[in-house]
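This report refers to the structure that appears directly beneath it.
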Amino acid sequence: MSELRLNPTTGEWVIVATHRVDRPFLPKDICPFCPGSPNIPDTYDVMIYPNDFPSLMTPAPPIEIEPPTFSKVAPIEGFCDVVLYSPKHDATLGTLPLDDVIKVIQLWQSRYHELARYAHIKYVLIFENRGKEVGVTIHHPHGQIYAFPFIPPIPAKELHHSQTYRNAHGSCLFCDILAEELQLHTRIVMEDDHFVTFVPFFAKYPYEVHIYPRRHIQHITELTHNEVTSLAHTPYPYYHFHIEFYSPYITRDKLKYLAGCEQGAGVVINSIPPETSAAKLRSIDG
């Protein structure tokens, strides 16, 4: 079973994908993404790998249940890809040579462009889960690309508030955030000619970091070669492409948990001011 079910109390869709419970937990000495593993070539540089247990599929499987009168059920048609960054099992995106990181970003761009051609795809999410702290069981360097048949709640809210801001002020919300962060400079972690890295004023996590391009662009395919190199090194005109990092750590040995207040009310409590976090990150970089 793989389908969408509507939560009528919030208007949010939930993906029910029962086959994902069958995902195996492999022994540490077995890696499905290393060269020569089943479905993986003996040699590769960077590559797209179809998720073996996708929660979004094209074509969508048939709906297996009649919904109650208060809800809806819809087919979940989309794509789930795995992006293998390197054949080296112990590598990370941050330790790859510059040329290899550029290849990863170019692969993101290429796949985004391919997925955008499908009429039923409304949003493409490029992301990486890393570390046992967030439940990662395969430690080979990889990320994922999900293509949704709807706009998920968080980007939908960003789009709504970006449009509202543009209607009220006649400018891009993200561009104005960036301009003021650059003016104050208290939360800037690092910057170059193309990108600015900062801890946002409204950060939910102590070490949440955002990367904004200086130039207003809508999506990753609009990055120029120089911008791709810079990033590797370090239909909504009111929307501004950006990257967000959410570290689960408060300190070196203490995790940030989303507990009662966060899960029940949707209100996140951040125990470290963003200005303090940015200063600490700057000192590490320096």
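Backbone N, Cα and C define each Cβ position, glycine as well.
Remember, TrEMBL labels are computer predictions, not curated facts.
Taken from TrEMBL as is:
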- His142: active site, tele-UMP-histidine intermediate (ACT_SITE)
- Cys31, Cys34, His89, His140: Zn(2+) binding site (BINDING)
- 2-152: domain 'Galactose-1-phosphate uridyl transferase N-terminal' (DOMAIN)
- 159-233: domain 'Galactose-1-phosphate uridyl transferase C-terminal' (DOMAIN)
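Minimal Cβ crowding within 10 Å, among the recorded positions His89, His140, His142, is found at His89. In the three-state DSSP reading, His142 (active site, tele-UMP-histidine intermediate) counts as strand. For the domain 'Galactose-1-phosphate uridyl transferase C-terminal' (159-233), the DSSP counts in helix, strand and coil order read 35 helix, 13 strand, 27 coil. Looking at His142 (active site, tele-UMP-histidine intermediate) and His89 (Zn(2+) binding site), their Cα atoms lie 10 Å from each other. Residues Cys31, Cys34, His89, His140 make up the record's Zn(2+) site, and a Cβ search at 8 Å around their centroid adds Pro32, Phe33, Ser37, Ile138, His139 from the same chain. Neighbour list (Cys31 (Zn(2+) binding site), Cβ cut-off 8 Å, at least 6 residues apart, same chain): Ser37, His89, Ile138, His139, His140. Close to Cys34 (Zn(2+) binding site) in the fold, though at least 6 residues off in sequence, lie Ile40, Pro87, His89, His140, each with a CB less than 8 Å from its CB.
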